[in-house]
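Participant: As annotated by TrEMBL, transmembrane segment applies to A:6-23, A:30-51, A:57-78, A:90-110, A:116-137, A:149-168, A:174-197. Feature annotation from TrEMBL assigns domain 'Glycine transporter' to A:6-79, A:91-165.
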Amino acid sequence: MTLLSALDYASVAVFALTGALVASRAQLDIVGFIFVACLTALGGGTLRDAILNRDMVFWVADPVMLAVAGSAAVTVFFSAHLLESRYRALLWLDACALAVAVPAGVGVAMGMGSAWPIVIVMGMITGCMGGLMRDVVCNEVPLVLKQGELYVTAAFAGAVAAVVAATFGLETGIALLICAAVTVTLRAGSLALGWRLPVYRARPPRNGPRN
Amino acid sequence: MTLLSALDYASVAVFALTGALVASRAQLDIVGFIFVACLTALGGGTLRDAILNRDMVFWVADPVMLAVAGSAAVTVFFSAHLLESRYRALLWLDACALAVAVPAGVGVAMGMGSAWPIVIVMGMITGCMGGLMRDVVCNEVPLVLKQGELYVTAAFAGAVAAVVAATFGLETGIALLICAAVTVTLRAGSLALGWRLPVYRARPPRNGPRN
Amino acid sequence: MTLLSALDYASVAVFALTGALVASRAQLDIVGFIFVACLTALGGGTLRDAILNRDMVFWVADPVMLAVAGSAAVTVFFSAHLLESRYRALLWLDACALAVAVPAGVGVAMGMGSAWPIVIVMGMITGCMGGLMRDVVCNEVPLVLKQGELYVTAAFAGAVAAVVAATFGLETGIALLICAAVTVTLRAGSLALGWRLPVYRARPPRNGPRN
């Protein structure tokens, strides 16, 4: 198994866990768990493959992915009550999933010889869009857009780091590991230490009322 | 007209009716009715065709589909006030649409020679995603995710039944009819008789507070 | 630069501005601005290209589009506080973006020799779906579905006008300009003068209670 396919499997499994945790917060049944887990785990990569026009979407080429996502969902259905805080588990699992999904997306785009802006965007899409679909469908506030938290930023920085590393001639495998490290560091720093970017605030305009 | 294209037309027409009913609940104008009807009727199949990488999305290959969806929307715009309960009509029409859309998706994937897990997923996508898009865009609680109701489960069971039937050597046409029968039975049983799966409930954890 | 690619750039830039304005209302950070701006600016065209099965999605073929959208987002981040009313600016910019995106979509479909119903739908998808994604993700009431306002209707009328013009033998460039003019006139008339279509109202049914 190559590093790239290991990343793919890990990202599917961990994102499926987060999808199932959101399903548990919405009190769905077991099929609902599997549905949300698959949407979350496969959504970002499916979008990446559709945009890159790959011959086959990754889970059509390898249906074992479906079994991985489904097993993760069933596991959560029967064990989520053992967690002390499901929301905290969700946040940290989501951070891990982001850190494997971004290099997975970057690796696919690099493998297809895409230009570097496309490589970066594919990393971000693979990392962020599955979770966004999960949150939109289940009516949660999207983690992606939580004010000031480093989420899209972490994905962006990780993808940029991979491109820079590859430009300096490092092997793809190393570049992807650097990508994962940067992504998880920024995201974990944001979760644990409150690292943030300044958010937009409407300052008093020069004339006219605040809006 | 083959059975498969009959299923496609029926699924488009009935899902368009449900989209238009949701539009009537949101008090849209006639173009809004047509828009939501098309999104609902064509969304699931479009996703299926994009993921399977078919040469042409089904309604691009056959634009008559657009006329079918549009006519259904216009009909609802001028006659929905005759219904005693629009929500009840919506639920039952949606059940019928599910029961034709799942075999339509299964049939397309079988025709392309997909592996059986992909066949099942394509049935579920074609059946469930159009209605999900309708509900997300119109800000209704997604029918797909209503607690404990058999919806995704009905689609899943129908698709599995078709695959089993085909494995036992039955003709595709028969397999698709079995698929429709299983889907509509489970969904109707859930609507009329309250058939349900148990939903997830956070049980008191062994230590620490409930979350 | 051809008219078609000028339309594409203009549509990306102006839709990105609207995305960034919505991000400012949600008080996101600068990377969130860029994310929402790209989603809005590229979403509709990406969907169009995926459905038409073009060899490459337009911004994969030309990554400068990403820089255009990103620059628009950064500009708004540092200058939105100068606006007297961000919502009013959003509405009018969105109208302009619609008026360039609809002909951009129509032009692509015409260039691929699509049938006229597909040309019309591609104009509507390119014009409406990016803004719809923006509003769904940021939890705003979709502009597309505001009761009775001419939005989808404006896109539809513009696309029909282009098809009629092309049928009467006018050059594609002229047809696209007519399309833009019709779209912006109807949308602006709706915003400034309150032009509307009648919305659906449940009339008292002949028997049974109102629903």
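Cβ atoms are placed via backbone N, Cα and C, with glycine included.
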Participant: By DSSP, what is the split of the domain 'Glycine transporter' (A:6-79) into helix, strand and coil residues?
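Facilitator: DSSP classes over the domain 'Glycine transporter' (A:6-79) add up to 63 helix, 1 strand, 10 coil.
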Participant: Under the DSSP assignment, what numbers of helix, strand and coil residues are found in the domain 'Glycine transporter' (A:91-165)?
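Facilitator: Tallying H, G and I as helix, E and B as strand, the rest coil: 60 helix, 1 strand, 14 coil.
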Participant: Express the predicted model's confidence over the domain 'Glycine transporter' (A:6-79) as a mean pLDDT, rounded to an integer.
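Facilitator: Its mean pLDDT is 91.
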Participant: Excluding the flanking five residues on each side, which residues at least 6 beyond the ends of the transmembrane segment (A:174-197) place their CB within less than 8 Å of a CB in that stretch?
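Facilitator: Answer is 3-4, 7, 91-92, 95-96, 98-100, 102-103, 106-107, 110, 123, 127, 148-151, 153-155, 157-159, 161-163, 165-166.
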